[in-house]
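A short write-up of the structure that comes next.
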Amino acid sequence: MISIIIQILLISVSVAMDAFAVSIGKGLTVSRVRVQDAVKSTLWFGGFQMLFPILGYFAASTFSKYVTQFDHWIIFALLVFIGGNMVHEAFEEDEENSKETAQFDWKHMLPLAVACSIDAFAVGVSLAFMFTKAHMAFAILSIGVVTGLFSAAGLHIGRAFGSRWQKPAQIAGGVVLILLGIKVLLEHLGVIAF
């Protein structure tokens with residue numbers, strides 16, 4: 001049980017890194033972080049990070065009887081792809097984001113929340129094969145809460161420290177997802193046991 005909780009928390013932190021990085025970027029452009037802006041950021045990112053794994057879970061559940069014999073390969077491929085993409089994106093410079101002023105209305109937050117949650121959809125697919133329904137509910141709640149907290153913290157960190165933490169956070173999140181994907185594959189192949 002402790003192992004499952006640790007896995008869920010690691011997944012939650014990893015999935016939250018995109019929203020954290022975007023929030024740091026938004027924090028760079030504000031003179032001060034208003035409470036209502038932190039709440040909006042928390043609700044947008046946390047809410048979408050909860051919604052997309054649910055959608056991924058239901059998509060996977062619908063087709064699970066067809067893919068259970070190779071689900072570990074799906075989990076491995078998705079987590080390694082998502083993690084690798086996060087690491088790759090960390091090394092790409094996005095000059096548009098650095099020049100954009102932080103706005104928190106729905107026209108600005110909706111595309112960011114969706115973009116940051118695409119990975120969470122794929123993680124939801126993976127979670128459908130990894131956990132029971134009860135564990136899945138805890139995972140979805142954990143992903144939403146952790147993402148919300150990280151996005152609020154990202155605003156403050158971006159405001160206080162600048163862009164120094166944006167790239168390392170995204171790289172760390174990507175590496176953790178890659179390692180989790182490798183762990184799932186090695187467990188299924190009987191190389192390791194947890």
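Each Cβ is built from the backbone N, Cα and C atoms, and glycine gets one as well.
Feature annotations, reproduced from Swiss-Prot:
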- 2-22: transmembrane segment (TRANSMEM)
- 43-63: transmembrane segment (TRANSMEM)
- 67-87: transmembrane segment (TRANSMEM)
- 111-131: transmembrane segment (TRANSMEM)
- 137-157: transmembrane segment (TRANSMEM)
- 174-194: transmembrane segment (TRANSMEM)
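The stretch with the most CB contacts under 8 Å to the transmembrane segment (67-87), chosen from 2-22, 111-131, 174-194, is 174-194. When Cβ-Cβ distances under 8 Å to the transmembrane segment (2-22) are tallied for each of 43-63, 111-131, 137-157, 174-194, the top count falls to 137-157. Note on the transmembrane segment (43-63): residues 15-16, 19, 22-23, 109-110, 112-114, 116-118, 120-129, 136, 139-141, 143-145, 147-151 of its chain, located 6 or more positions outside it, place their CB under 8 angstroms from a CB of the stretch. Non-local neighbours of the transmembrane segment (174-194) in the same chain are 3, 7, 10-11, 13-15, 17, 72-73, 75-80, 82-88, 90, 123, 126, 130; each lies 6+ residues outside the stretch with a CB under 8 Å from one of its CB atoms.
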